[in-house]
Amino acid sequence: MILPSDFVDINDRTSLKRLITAFLILLTLAVFLQVRGFEFLIYDDPILVTENVHVKHGFTWEGILWSFSSGALIHGHTFDYWHPVTYLSHMLDVELFGMNPAWHHLMNLFFHVMNVILLFGFLTRLTRAPWRSAFVAAVFAVHPLQISSVVWISERKDVMSVFFALLAFQSYQFYVMQKSRTRFLSVWFFVLLSLMSKPLLVGAPFILLMMDVWPLERFKSQKAWALFWEKWPFWLLSAFICILTVLHSSPHFLTPVYAAPVYFLLYLWNLFFPPYIPIYPWQVSTYAAWITFAAFAAVGSLCLIAFQAKRKYPTIFFGWYWYLFTLAPMIFLKFENRYTYLPMVGIAMIFVWRIAQIIQPVKRQKLIGFILFLVCVIPLAIRTHSEAAVWRNNQTLFETTLSFSPGVNQIHYLYATDLAQKKKIDEALPHYLAVMKSVPDAKTYDALTERLLNYLDADDIDERIAFFERAVRIKPDYTAGYQGLCDLYTGRNATDKADHFCGIAENPADSRG
């Protein structure tokens, strides 16, 4: 039985903990320090940082007030989380480093390194098992699914939210050791900061209750209703954030309820077999009814098994429900592997503790455990280092993604826009055309072509004619394209072609002849 009094540090292990901490820092830096050479991306970075008028000037009263306002929730016609603390961190970056992408990336890495250290300390104090805790922290540090949260500046909210979440959990441990109003308020304050970085921790009261079950075992000495009532400030805070999020959520980013149990299992699968794709395709998957029911039954069975195992194998209980409660807030959003940033800790705990229990009766268990650690962590680190390099700039990211998912229009559009901004029109055109082929409505098609036209040289008539001719071949009812050809050929005094295209512009039905 682990009691609150056991949470004090053991002096003869202080050196060991420092050594492990140093190793974890070096391991994380070896994999991710390359970000100092990475650039800003056109993917969300302009919206959140580089072209955000409230952020790109650093700290201003107007920007600070905006970050806390409802205006920070809306970007054009899309929804974003309420994360004022994350915006303030971006403003601090600009204030200190300007628009130097290296330092913005290094700040992301700083929070990830801190999360690795905090996780190791939290698990060590919670379980009094430093080696197992180090194993879990190492997997957390270098797992491939962590890449986008660390190397993508726009995902600062992930690493910051988890940073404050881990501080909250550690503060709760200290509160249980010696109760005081100040310590309780510190827990609530860190949960608030976590939620104001990203609403990941809306399940905080459940996680704290889970810690009360194991390893704190507070349910044995206190009444259940008292422990539930103790968490009332967290219930209110979580309810407020949930309501705020739902009220401002856009259907574009949501996934059907029936997909939730399937996603729980898919995320679990990806933790053990991470896919090699930098940006997961944005699409809402439909599943047959039997798949949904089977997934629901599987998740329910795993919940039951974990609950029944809480006495004999408490880490199975703790790890599974950690995974469940930390992933649940994101489960109704479109599938994104980065949502496992914090949930993976629970699954890693189950994996590591079960290995330790299996090899415990074996001679030289420490040597075997160390070998298993190397076999697990080194391949993860090598793969993550390689895949993280893909995020170096727009070209490496988008070309790699399209090599795996050539039909993702969003990536074609972003890459085309990036190339067009760099005046690489010949390279941008195929990607714009790839998007145009699948655009169903004329309004969106007109908007796409208008955007590309803005990047074309107004004096290069041949380039504009070539673009319009390709555009009308892809979409024969593209009236604006025929009108553009009509005007261009008229300006060139090419009477026959001008008459032909002007006629189609006036009577689009002729284009089908």
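Glycine residues also receive a Cβ, built from the backbone N, Cα and C atoms like all the rest.
Record features, source TrEMBL:
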REPEAT    445-478  repeat 'TPR'
TRANSMEM  20-42  transmembrane segment
TRANSMEM  102-123  transmembrane segment
TRANSMEM  135-153  transmembrane segment
TRANSMEM  159-175  transmembrane segment
TRANSMEM  187-212  transmembrane segment
TRANSMEM  232-250  transmembrane segment
TRANSMEM  262-281  transmembrane segment
TRANSMEM  287-307  transmembrane segment
TRANSMEM  314-333  transmembrane segment
TRANSMEM  339-356  transmembrane segment
TRANSMEM  368-386  transmembrane segment
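The recorded stretches the transmembrane segment (368-386) and the transmembrane segment (20-42) share 3+ CB pairs below 8 A when only pairs 6 or more apart in sequence are counted, and are therefore in contact. Ranking 20-42, 159-175, 187-212, 232-250, 287-307 by CB pairs under 8 A with the transmembrane segment (314-333) puts 187-212 at the top.
Averaged across the repeat 'TPR' (445-478), the predicted model reaches a pLDDT of 75. Among the recorded stretches 20-42, 102-123, 135-153, 262-281, 339-356, the one sharing the largest number of Cβ pairs closer than 8 Å with the transmembrane segment (159-175) is 102-123. With a threshold of 8 Å between CB atoms, the same-chain residues lying at least 6 positions outside the transmembrane segment (102-123) that come near it are 17, 20-21, 24-25, 28-29, 32-33, 35-38, 40, 49, 89-90, 93, 96, 129-130, 132-134, 136-137, 140-141, 146, 149-153, 155-156, 159-160, 162-163, 166-167, 169-170, 173, 345, 349. Tertiary proximity for the transmembrane segment (135-153) is limited to same-chain residues at least six positions away from its ends with a CB under 8 Å from its CB atoms, namely 24, 27-28, 31-32, 35, 38, 40-41, 43-45, 48-49, 101, 104-105, 108-109, 112, 115-117, 119-120, 123, 159, 270-271, 274, 276, 278-279, 337-338, 340-341, 344-345, 348-349, 351-352, 373, 376-377, 380-381, 383-384, 387-388, 391.
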